[in-house]
């Protein structure tokens, strides 16, 4: 550790504490006078431009000479919810819980368990000091930082005292909450904004309205310079799906946001995650200077901290399983633990040594003869620390701080929690949202295009309707669609805000903007954007032939606009008050169907049942529909169409003896008043027009406020922070071990498996390897086309890796490490690749990818698979068919044993926080690839995000695999010296994908060091070789390259020797590629692939009961809504209308069904595309067919529930042929809805676009179902579409089935009355008419007031829709054909959008 002496700090790292009489450690005398000088010495080592940049930033920010305040915490204890290990939920367990069949009390009490996370933490952090928090994942580091940041609402209970500047944290958070900031490990940003826009928003929000635009821009420039982002300011931030800056640069954006707050207490959770060692060191240097100049307090956890980083910290806190085992000067920590009997090897970094005190006992090195004297458990460590003089000094410092706070109290001046007033926040949020909308192609181009298409189709379908009674229903349908399309758009948008929740909460913590400001900013943007959205519907208005006056048009526009706003706010509020998207789908689906049903068209107000009619008063869609109908009909009269005249035909010419058989008409009148029709048919009133506009405006305001309030009350869900789910019940051993650990991590559950210890398992190389393999590459170049021309990512690279070799692939940020790894593994799909790839001297064929293992940086797994199931699936699908299944499973058990995963073999992978921890997930990722028994194993950043001990555990595992004969290539970012020495060879890249070294590392990296020392400075004693290599070639944003390392390597003797050796490893020109061992690209036949993937998909559905229960309850809710609305419909004229629309309403559940189906399909697709596809695990058809096959049983079951609750209560035929036909058609419809949803999901790039597309296609299908737009009155240009409209065949079949042979009668209000000529009976006068009429006379012998009932039976009623009973059975086959077409398109669209390259 001599290298560390070059950086003196308070409490020098080589300081040796004295041993007190009681056997505890006593620190050497220190008067504390060197505190300021130590800080000066540290900052003096920084480059002057950085110090100047910070100083300049503070000057612009007007923070000269801030009043520094310290932090004091005493006896802090934290409890969180969680049960450690428990059985995974399934559909059966959810059913038992829902219906209370078995132990209902158990489920109610399941969430009441609490576990200690932190116990009795105490300490002080003075102003200008930096605290390093060390502990393995799961020990409580994140919890401690969140507790300092007063994020207490995430936990069940927090005890103890925490003060800032002598004031209780509660008081500080009330008066100055902006002084505390917590930067999480995740990077949450708006991906379509640029880096400059992201930082400008944060700085503008924290500086307040006083800062000018010039000052804000200057601060943005200075901050970008500090964190090394100056070159990417105009690049999108991006995310996993949107291309933007690199992962390391995105991390620096997050850190820059945290610094922009200029808080007095800055807590950073693993801030160097994703940064290479040089960039990480630069950031810590920046934080040292920032902390010293601002006199703030900085606390951070850092995993895999190098020795170069450690001196910049003043104090260190070591946590073991939620207990404080050391707190003091960082220079005293090493000696303290050495005095306890532990040993720190020369090659072990101080960070890793301290971190081992948090790990399991097996990974700690103990001095000879002290094995039984050292503490082992966290309780023992805590007891030893409490008995030491370090703890006594800590207690004295606490008392001193208390006395100082009492004697010299510092006034706590209350300041605004947010620098910007609320109205300014709303304005900036609205502007930001406008930028997001305009930068997202799908929002400003795709969505308007779909709306315009909808409007044009509907407008031409209802084009130029005449002012006649025959067009009354057509006008009503067109007006209904004008309010329905915005409703569909609003429903499709409900899920857009879930992804932004972590970002909104982060900006609330940073006091950048209030969540309510974000919500109202969205509202402000909507107010503008929805105007444009409604404008796209204008073709519908004018093409249909609505009243073309300015007053009527703008009234219509205002009505639809306010309805769109109100519904958008409503569905957004539902989403905000729902914990996640899956839970939100249920209320959204039920409310959407209720709104559509109670619009007033499907069931007019006079026909509504008394027990549900009140629902219309809660329905913005009802108010909008009534208003647009009144707006259109109020001043018009409609000529009675010949088909509506009773009687009509030859000999019936005197209107005095005729009547218009339409509700609202009067005997002897040739025209019908529009308002009379509305009042009689729908119960609408003229005076309701502007009243309804006002009500919808009130709905908009109310729901907007609800969304704002709901957003303001958003909290990070505490959840069950430490739950690992097992198949069945977890073993007692696992539960006990987990309970004893007592530690919980916010993001990662505690380690329930044992750590890798030494060489616990021996890997037999010869027994498990078929042969030795050598992968060689020569002249590799990769070029891509950009807007600025051709860009080379890889530049003439040569190299090889052999069986038994562990090769480290390193380089500066952006050097192309992952690109090279993808290229070697055959996974690169971009640009033009040239050069040669060979295995054992033969060219690589395409099939060889299935025999290579590739462990991605992201651990992508299906959450519901157990560890053993995940490995067994890979073994079954990627190992040759000729190998017996028993042998494959036996090999999986060996892999599980090698990776020390026996204890978690039956655990579900889960998600972070409710599943395996980060290291366990990484082991599973490695195990999945090892189960395929690959010839070459590639790993991309396997230690990223891990603590030092976990990283070493993973690398040591790789070392053992290499010793067993496995060839391994591994990229690595921040390797400690101990990690680097585990590798055999180093492959080092510089910027531009150029090679600067390829060769052996040697013992303690001496061979590689010797090469670099020939052309650069000498490697310091104890210096990390990896950092030395990267520093030499100019890694980091502030380094300048001092030599042409690419040229030096090409001219070196080592390079020439490697080139000569490579010639024997590459094929001669014209040599044939390696002969495939099998004909197929896949190891097993397709039917085996399909069976295995279906099994996995079935378990995915079975073990996530939320989906099945949501699907079931949506069916129950919508069926009851439909059946209770049309309960026992009578055999009247309106009863026939109700029977038709009840059947039609059963088809409206399609879009909500899509909301449930599509996320499942997308999840399965993404797992295949991002992990399983590249390894030829199984054919893409297998996952598509599996998604279809497994979905169908759930579809059949829930549609059966819907049909039973709907069909019989409405009063349809109960004969087996009729009921059976209806049941069959509804089951087919449910399958059709599933197929359409999956087709849209396969077509669209993301789930939001899939939601919108599903609504779009369903609107088309429903439009041409023949009910709202009857075929006989459809313009001839559109009649052809009924032949290709699937729901027309369904609607025809169901309608004729429920109406055929149904005798109809007339209620009193439905009778049309006309007067016969004097002296003529009604029967005599209407005899000729009745021969061709669809209705009948009620009083044929009367001489006056002839009563005519328009329809005599069901078939006479459905003829108006162009339906025919003879088509009933042929429609079944046709509809099945449409279903087959949809599923075929699922295959085609999946291939075109995700498979074809």
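Cβ from N, Cα, C; glycine included.
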Position flagged as N-linked glycosylation site [Swiss-Prot], chosen from 772, 1382: 772
Need the matching range: Swiss-Prot marks transmembrane segment on one of 1351-1371, 1372-1392, and I'd like to know which. 1372-1392
Do you know which of 1249-1269, 1270-1290, 1291-1311 Swiss-Prot annotates as transmembrane segment? 1249-1269
Transmembrane segment per Swiss-Prot sits at which of 409-429, 472-492, 493-513? 472-492
According to Swiss-Prot, which listed range is transmembrane segment: 1202-1222, 1223-1243? 1223-1243
Provide the number of Cβ atoms within 10 Å of the Cβ of residue 75 (N-linked glycosylation site), excluding the reference atom itself. 13
What stretch in 551-571, 1135-1155, 1249-1269, 1372-1392 has the biggest tally of Cβ pairs under 8 Å against the transmembrane segment (584-604)? 1135-1155
Dominant neighbour of the transmembrane segment (692-712) in 516-536, 1135-1155, 1223-1243, 1372-1392, by Cβ pairs under 8 Å: 516-536
List nothing but the one residue from 772, 1318 whose Cβ has the fewest other Cβ atoms within 10 Å; the candidates are the glycosylation sites. 1318
Nearest-integer angstrom distance between the alpha carbons (Cα) of residue 772 (N-linked glycosylation site) and residue 75 (N-linked glycosylation site): 59
Spatial neighbours of the transmembrane segment (1372-1392) not adjacent in sequence (6+ beyond its ends, CB under 8 Å) are 1165, 1180-1181, 1184, 1188, 1224-1225, 1228, 1231-1232, 1235-1236, 1238-1239, 1242-1243, 1286, 1289-1290, 1293
Please indicate, using numbers and ranges, the residues of the same chain that are 6 or more beyond the transmembrane segment (1135-1155) and have a C-beta under 8 Å from a C-beta there. 488, 491, 495, 585, 588-590, 592-593, 596-597, 602-603, 607, 1111, 1114-1115, 1118, 1122-1123, 1125-1126, 1129, 1202, 1206, 1210-1212, 1226, 1229-1230, 1232-1234, 1236-1237, 1240, 1250-1251, 1254-1255, 1258, 1261-1262, 1265, 1267-1268, 1287, 1290-1291, 1294-1295, 1298-1299, 1302, 1304, 1351, 1354, 1357-1358, 1361
List, by number or range, the same-chain residues at least 6 past the transmembrane segment (516-536) whose CB is under 8 A from its CB atoms? 422, 425-430, 432-434, 437, 447-448, 451-452, 455, 486, 489, 497, 504, 507, 557, 560-561, 564-565, 568-569, 572, 576, 704, 707-712
By Cβ distance under 8 Å, which residues at least 6 away from the ends of the transmembrane segment (1223-1243) in the same chain are close to it? 1146-1147, 1149-1150, 1153-1154, 1157-1158, 1161-1162, 1165, 1184, 1187-1188, 1191-1192, 1195-1196, 1198-1200, 1202-1203, 1207, 1250, 1253-1254, 1257-1258, 1261, 1286, 1290, 1293-1294, 1297, 1372, 1375-1376, 1378-1379, 1382-1383, 1385-1386, 1389-1390, 1393-1394
Rounded distance in angstrom between the Cα atoms of residue 1318 (N-linked glycosylation site) and residue 75 (N-linked glycosylation site): 105
Long-range Cβ neighbours of the transmembrane segment (472-492) (under 8 Å; 6 or more residues past either end): 447, 451, 454-455, 458, 462, 465, 530, 533-534, 537, 540-541, 544, 546, 556, 559-560, 563-564, 567-568, 570-571, 588, 592, 595-596, 599, 601, 621, 624-625, 628-629, 632-633, 638, 662, 677, 1151, 1155, 1248, 1251-1252, 1254-1256, 1258-1259, 1263, 1268-1270, 1273
Can you check how the pLDDT averages out over the domain 'ABC transporter 2' (779-1016)? 86
When DSSP states are folded down to helix, strand and coil, where does residue 75 (N-linked glycosylation site) land? strand
